[in-house]
Amino acid sequence: MNIILLGPPGAGKGTQSGRLVEQYGMRQLSTGDMLRAAVKAQTPVGIKAKAVMDRGELVSDEIVSELIDAELAAMDPATGAIFDGYPRTEMQAQMLDALLTKHGRSLDYVIELGVDEDALVERITGRFSCGNCGALYHDTANPPATPGVCDACGSTEFKRRPDDNEETVRTRMQEYRAKTAPILPGYESRGIVRRVDGMASIDEVAAAIDAILG
Ligand SMILES: Nc1ncnc2c1ncn2[C@@H]1O[C@H](COP(=O)(O)OP(=O)(O)O)[C@@H](O)[C@H]1O
């Protein structure tokens, strides 16, 4: 099973991917995570991408597609892929089709998480993660049970993404509307788009996705 999770920043793609990985042993291919790892490791790609990401703009189609290609090449063909944050442009959608063919895969579903923009800004500016295990939290929606201590691993180190400020979030939303939303009709004509209400609770969204995946 290979699926794309599509939706604006903050729609819950990362949260749902994490759950699908645990529940079904699928593999999350998040270009955002790959780019942040490259920035941290100060690779040539990371150095080039950092300023673009900090502005909330899109990194080049070639760079992200190469990252996806390398991950698919290293994966067991039997393991399902969740594309999270990729493709984000018409060109990336075409490149993904070519990559799937190259790696003997096909696309089962494009799951679109629908959300309200003002809620997204609140979600994103309030979110943070454990610096040790990556568990995701939110200031008001799901803070750690003991303030300052990670529920999952007990670490007391937390971090926020540098691009999770209101100004950058607005740019990321514009990029989504202008460049990413237009890839949906192509998938719609293939009959593989399924819509889920991303404003529902995490568990309700999870149940809706499970129903689609069967
Ligand atoms: N497929 C992609 N194409 C171009 N840029 C990307 C892509 N994936 C991630 N990026 C870059 O990384 C940033 C963070 O992406 P991501 O982690 O998916 O966050 P979000 O969906 O919350 O905006 C984006 O704003 C963009 O600069």
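Backbone N, Cα and C atoms are what each Cβ position is placed from, and that goes for glycine too.
Just so you know, TrEMBL annotations are computer predictions that nobody has curated.
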- Check TrEMBL: it lists G10, A11, G12, K13, G14, T15, R127 as binding ATP. Then name which of A70, A73, A200 it lists for that same site. A200
- Note on the structure: region 'NMP' per TrEMBL, picked from 30-59, 90-119, is residues 30-59
- Of R19, R172, the one that TrEMBL places in the same AMP site as T31, R36, E57, L58, V59, G85, Y86, P87, R88, Q92, R161 is R172
- Note on the structure: DSSP puts the residues of the region 'NMP' (30-59) at 22 helix, 1 strand, 7 coil
- Query: Using DSSP, what's the helix, strand and coil tally for the domain 'Adenylate kinase active site lid' (127-163)?
  - Reply: 0 helix, 9 strand, 28 coil
